[in-house]
Amino acid sequence: MGGSLLRSWIDSLWSRILSIFLFQKELSIAIIGLQNSGKTTLTHMLGGRPFEQDTVPTLGIQVSQFSLENSLIKVYDLGGQTRFQSLWERCFSKVDLIIYMIDLSDTMTLDESFEKLSKVMQMTQEDRIPMLVIGNKIDLIQEPKEKQTIATIPTYNYDSSERLRIDSTNSHLLKNADVLTRQVGVDLKNRQLHIPLRSSESQDIDVLPLNRDIAVFTMSCRNGLCISNVIDWIVQL
């Protein structure tokens, strides 16, 4: 026990020494999202670990620390189960960046995921915490057959702020980062956030100013697709 504590203390001291002499900055990140969206896998990838097929669901909070290019990164990997979502807000005051993960392949949970994201955007609006929204698992989304595409899937209007009704026939559209950006309510052109205000009779939109850095990427943690774009965006903060 004593040796383990001493080793932990030495590792912590060494990390601090490295942060002073080798790294330009320290960055604390909260990675949140619904269960099975790829939060732990992304944490591993940012830390240089290979993809693992089976990962244990995070219970509560798991903290990791590693170097990423010239930055010392501290990641709070927060559990996505409903009983742990109350922990998300507690970490917001501790971090420099919030990464919100979405499983784009699971159409059954997309509405809930988008709704939770809107709440997080509202909660962090005043503090202007930078956000990175990642649509994960694009490798698991099947492209529709050509005939089905022509017959049943409408053309997407990139200039409209109206959200799509996503189901198995059109979920492939979310693989496009521009489409996902609109779907989560981020209007980069006009620097606005479109937050749904649900009521029993209507669904109005609250328009907020986009007063912080926000980016939206689509990727696959399984095959590493677009991970370099994610890393480049993180280290430039």
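Backbone N, Cα and C define each Cβ position, glycine as well.
Taken from TrEMBL, the feature GTP binding site covers Gly33, Leu34, Gln35, Asn36, Ser37, Gly38, Lys39, Thr40, Gly80, Asn136, Lys137, Ile138, Asp139. The C-beta environment of Asp139 (GTP binding site), restricted to residues of the same chain at least 6 apart in sequence and closer than 8 Å, consists of Ser220, Arg222, Asn223, Leu225.
Cβ contacts within 10 Å of Thr58 (Mg(2+) binding site), excluding its own Cβ and spanning all protein chains shown: 18. Among the features that TrEMBL reports, Mg(2+) binding site is placed at Thr40, Thr58.
Sparsest Cβ environment among the binding-site residues Gln35, Ser37, Thr40 (other Cβ atoms counted within 10 Å): Gln35. The record assigns Gly33, Leu34, Gln35, Asn36, Ser37, Gly38, Lys39, Thr40, Gly80, Asn136, Lys137, Ile138, Asp139 to the GTP site; their largest pairwise CA distance measures 21 Å. Taking Cα separation as the measure, Thr58 (Mg(2+) binding site) is nearest to Gln35 of the binding-site residues Gly33, Gln35, Ser37, Lys137. The Cβ neighbour count for Lys137 (GTP binding site), using a 10 Å radius and every protein chain shown, is 22. Under a cutoff of 8 A between CB atoms, and with a sequence separation of 6+ in the same chain, the neighbours of Gly33 (GTP binding site) are Lys39, Gly80, Tyr100, Met101, Ile102, Asp103, Ser113, Lys116.
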